[in-house]
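Asker: Structure in structure tokens, see below.
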Amino acid sequence: MKLLIVFGLLTSVYCIHKECSIQECCENQPYQIEDPCPIHYYSDWFIKIGSRKSARLVQLCEGDYGKRIPIHYEMFGNYTISCEPLEINCQAPPVGSLIVRCSYDYDFVEHHDVRVVLDFI
């Protein structure tokens, strides 16, 4: 229990210094993630593998907006259920962290990333 409290505090401190969204979901149940991007912004979802700024981003959905479909990777199992809106199987990402890239432009020339932390209930 103490470890869980310490982890929660560390996550909160991390989120204060970086853009972060904490969301609650029931473990191993379908969960529709709330999009933390501002209204009228495009969002694209990734798993960030590694902790460095230059870490690899693995895209979770593909296709044009309005017709996006999940990309299923063997290493992630059935993590992504649907894309518009993003629905996942509520569990910690198999590797790395869940990231949403927000951009006002369709081509994501200028963007900012938001880390999404799932709190399991």
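Cβ from N, Cα, C; glycine included.
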Asker: Disulfide partner of Cys83 per Swiss-Prot: which of Cys26, Cys37, Cys61?
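Answerer: In Swiss-Prot, Cys83 forms its disulfide bond with Cys61.
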Asker: Say which of Cys90, Cys102 is recorded by Swiss-Prot as the disulfide partner for Cys37.
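Answerer: Checking Swiss-Prot: disulfide partner of Cys37 resolves to Cys102.
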